[in-house]
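The structure appears below as structure tokens.
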Amino acid sequence: MFTMRSIAMKLFRAAWAHVSTSVSIIAISICLIMTMSLYIWNANAKMKEEIHAQFGYADLTIGYNLDQEKTLTAGLLEHIGSRQGVGEISPVSLTHTTVDHMKTVYTLGVENDDLVKSRYHFASDLKLNEVIISEGLAKVLKKEIGDSVLVHNETFVIKEILPTMKSAESMSFVLLPNSIVKGWMPYANDETQGLFALITADHPSALGIELKQLDGSLRVDITSNEGFVKQNLQSLMVFILVLSVFILIITGMLLLSTFQLLFYKLKEQLMVLRSLGASSRQIGRMINTQLSVIVLLGVLLGTAAGVLIIKIWLPQLVSLLSLPIAKNNFPAILVLAIAIASFCFLQLFTKSQVKKAMGLLPLQMASDNEEVSLKWTAWKKILVSVMTILSLLCLLIGQSTDNGALLIIVGSLLLCGVVLLLIPLVFKALLHLTLQPVRALLGKEVYMAFQQLLPQIKRNSTVVLSLIGLMVILIFGSSLFKTVQFNDQSYINERFKTSIILKNQMIDSSITPSIVEEIENLPSVTYAYTKSYIHGLHFTHNGNRVYGDYAAIDVAKYSERGLIKPVVGDLTNGVIITEPFAKKHHLSLGDSLMEFSDTTSLVPSSAGTYQVLAIIPEPLNYVGVYIDLSSTMAKQVPQMIAEVMVETADTPQAIAQLQDILQRYPTFLLSDKETLINQSNEMFYQRWSLFVAVFMVLISATSLGVIQTLLHTIYVKRNDYAIQRLIGLSPNGLMKLILTQVLSFVLYGLTTGTILGLMLTRLLAFIDSEAAYVFDFSTLLTVSLVLILSILCVFTAQGYWISRSKLSIEMKNI
């Protein structure tokens, strides 16, 4: 006695190839999603460990900035400590002091508790006459443990030297007892406990929101939100989430196509069952059992493969794709959640096939050449009109508001949906216009292929949508990556006008412009020039008092290097201004700036009259006014060198030759353009390699679905081809007909996907209208050619086999 469930399992043998294909598509997709998700989970766990090691036990930091003129009081800290879930609180003071000959050194006042020790990584308990200094500052001052150092004109003994943490920038700072430093802070009073505080809490985010409501000017930093690795993983997580959704959607579309082939293969058996008395409900239950088993097998195989990859091959995968380091743990709950969610999502795609099977009547045979209706029905008119209006409103409102990103995304998707609905109608109209010219120019084979194209697209709409979705992912993803890479490169090129920058991080006054000559004498250095620190200024023009910023430059050097045009005039009492500054203050060439004086330096400068000698298009150093190093103002006010720009044809050799200068001036921080570009490229290729790996699997699965569908479509039309051969179609003509049919089908999907992909990418660029965007046409062209060539190879072989088969044998099968 057979049950409908046992019959369903036995019928698998009649279509084992389609069943295997369906299971394989699901397994590949789930394996991808599972691998990416498990990697992100493990990388996030690894990141939390690193954050704990770097930032200590503190869950959040609260306080004020130095320029806010506020401090944390004892009453505020007591109030915070009384909140539920708050653990330890450690106040920290911060100010700038003079350490020996070094000016404006970060000086922190700390307690001796474990919380602040975990944050700043020191072990000693500080006494009132003791200080802890950073390794970078110790090198600059040439100090060791036990030496004395002068801080804020008071003598302290060095108790400990803190080494620079791995992958961290060398910082110069000192740690002193909080009871001393809090009295040095500006705006301190008897109630002052510090400028900020480290806090442990059970729910840091909730506490942070509550504290911000208590005092809107209070700065709250959640420790887990800190750092580049966190941002890196967050962006990677969003990217993987979007990819996972698209993978499931494309998988679902491919499954619909495969299920249709499976249903076609079993159609005769199903009709026999209906003729024997099986009800539509029983047929539906049987089909549902078959499809559910297929989905379940695919999910289980994909899950097992994903777990094996994470447990066995994760280190190799991380190394190959240059991804952040991760653990290889097995979070069973996460794996189960992904598997169940994927199963439920893919089950949604089986419902339409079950419904179709239940509607099958006895002896009913669907025609493979049924007419397809593409009439512009009333509901389509209403739908397209509503979607168009909503999309335009969303785009217009989104562009006119500061937080309109979500509206732009919704509007872009709606407008792309409108275009997707309109393209078949436009394509149908173009086909009707071109059918006769095509027949005259390309022959009757191409004419017949074009005639059957729309019914073929309609019947295989799921495969077409998969192909369209694939192209949209390709264009959006590749353009996004190329745009990010382009913007990163533009920023680096804008920041680094030369190959190497030496930054005077401690504002060492012993570094003078004369160092440029010493650097230029190095064999590997082409040229060098300096940038000074920015100073405030004010002057009078047409009776109006104008405030701004200025910087001192070597005008002759800048002109020689082509950074500015040659300046004519007396540089001792002349200035160079930018076009934005000139427009803002209504200045023009030759204008006199009265009572021109410095407002930043402690050294008094006499006000004088300066003339505008030149107007340059853009700022050189983020300021609007520039003076020459030989000017009267530069001689009156010491111009501290901020950066030395060094150009070289051989960066590694120049860095090696600069080591002697770096040892004599430890305050210099060397940065080179080549290293930053390599770091940027490493980050780009990290995501690009992941995208390419995922996309290769996607394009393989989609190509498999397209080829399988088209092979089936061509195969079941062998009777039609036999009749056409009988009435005079040559074997070569039949090959031409078959290749034209499949190429037209694929080109329709590629063209529609390309249009929608370019459109979606361009519309989403309105989110940041000022940023540049780059389309990756080379990748688009490469993928399209590979797909077309693959289709040509497969169907040339099938077309040759069908066209060369004996006509008498083909006629017997009609």
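For all residues, glycine too, the Cβ spot is worked out from N, Cα and C.
Features reported for this protein in TrEMBL:
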type: DOMAIN; residues: 242-345; note: domain 'ABC3 transporter permease C-terminal'
type: DOMAIN; residues: 694-798; note: domain 'ABC3 transporter permease C-terminal'
type: TRANSMEM; residues: 21-41; note: transmembrane segment
type: TRANSMEM; residues: 236-264; note: transmembrane segment
type: TRANSMEM; residues: 291-310; note: transmembrane segment
type: TRANSMEM; residues: 330-349; note: transmembrane segment
type: TRANSMEM; residues: 382-399; note: transmembrane segment
type: TRANSMEM; residues: 405-427; note: transmembrane segment
type: TRANSMEM; residues: 462-481; note: transmembrane segment
type: TRANSMEM; residues: 688-716; note: transmembrane segment
type: TRANSMEM; residues: 737-760; note: transmembrane segment
type: TRANSMEM; residues: 780-802; note: transmembrane segment
- Feature contact check the transmembrane segment (405-427) with the transmembrane segment (382-399), CB under 8 Å, 3 or more pairs: yes
- Message: Looking only at the recorded stretches 21-41, 330-349, 405-427, 462-481, which one has the largest tally of CB-CB distances under 8 Å to the transmembrane segment (291-310)?
- Response: 21-41
- When pLDDT is averaged across the domain 'ABC3 transporter permease C-terminal' (242-345), the result is 73
- Task: Go ahead and report the DSSP secondary structure tallies for the domain 'ABC3 transporter permease C-terminal' (694-798): helix first, then strand, then coil.
- Result: 92 helix, 0 strand, 13 coil
